[in-house]
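Feature list (source: TrEMBL):
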type     : residues : note
REGION   : 25-48    : region 'Disordered'
COMPBIAS : 38-48    : compositional bias 'Basic and acidic residues'
TRANSMEM : 58-82    : transmembrane segment
TRANSMEM : 102-121  : transmembrane segment
TRANSMEM : 147-168  : transmembrane segment
TRANSMEM : 188-208  : transmembrane segment
TRANSMEM : 215-240  : transmembrane segment
TRANSMEM : 260-280  : transmembrane segment
Amino acid sequence: MSSPPLSTHTDITHFEQPILHKNEGAFGQDGSPITVPDRQRQLGARERSGASKLRHDILCGVGEFAGTFLFLFMAFMGAQSAIYNRGVGESTLIKANDNETILYIAISFGMSLLVVAWAFFRITGSAFNPAVTFALWLVGGCTARRAAGVIFAQMLGGIAAAGTAKGLTLGPFGVANRVAPGISYGQAWGVEMFTTGLLVFTVLMLAAEKSRTTFLAPVGIGMALFIGHIASIGWTGAGINPARTFGPDVVNGSFVGYTWLYYVGQMSGSLVATVLYVLLKNLDYQGVVGEIDVDHAASEGLLISAPMARAFSMFPGVHMKHAVRDVGVEHEDASRKV
């Protein structure tokens, strides 16, 4: 008698996922059958990986809350100090529309972001801004779950920073974003879009794009925020960050009818910056000026092939190629002697 065919049944778990028995058609990369213990080990590894990702998501959220709080707290303290001190002895608080106050506030925000972002750079990546987090999610820098958690933490950090700064300072808390008289909604939207776009694009190019100078990204990012404040404080109060706009409004309990304008402008600026970044990546922007992170030999080759080097090589006894290499050798010899 011929033997009956092998059974090909499966066991169904609670979530309708089949678990194959030994020698029932499941094979690993090496051709060996995947047994029940093998599958259980794989499932265990996936569970551990999922738990690890969740733990990292929580850590990232906590870090972004702390970083956003410190960044905005220091910035709010500096801005409130500038506004209050300009109004000492006056019956009403002077608005931040004079050049000295604008510069002081811009420095407060720019330097605060530079220092705090550098401190948290290896912990969370130092976004501290929902518009930046949104852009990082769009380019695949983080998962949707992490992005949602981080944005929630950043908004809470903005509220906590505003509340703490208001409690520790005197006078009306005057750091809320407001459109200057005479500025239309379209103008305010454009100001917020371009200034936020500059900041987001700087983050993508200096932090998301990894290079030998990535550790210096907080410097460029802080300077981008400084420039954005210089350009927009007099017109919109320099939002550039949904958490920065939201916090003071919550603490003051005052939401103007055009508050939505800030969030639309900031997120549209983030979207524009992301589109530009992705476009440049797809067009292979590295091929235009060449790799920035090149070693000495590669940079030497570029210099040798330069038009000026070829022109000098036309003269007898002048060889730019050897001259460049000799300079390199001299530097190496000097470093060895030291």
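Cβ atoms are placed via backbone N, Cα and C, with glycine included.
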For the transmembrane segment (102-121) and the transmembrane segment (215-240), check the count of CB pairs under 8 Å (sequence separation 6 or more) and say whether it reaches 3 or more. yes
With CB pairs under 8 Å as the measure, which of the listed stretches 58-82, 147-168, 188-208, 215-240 comes out on top against the transmembrane segment (260-280)? 188-208
Long-range CB partners for the transmembrane segment (58-82) (under 8 A, at least six residues beyond its ends), listed in sequence order, are 96, 101, 104-105, 107-109, 112-113, 115-117, 119-120, 123-124, 126-129, 146, 149-150, 152-154, 156-158, 160-162, 164-166, 168-169, 171, 173-175, 241, 243-244, 247-248
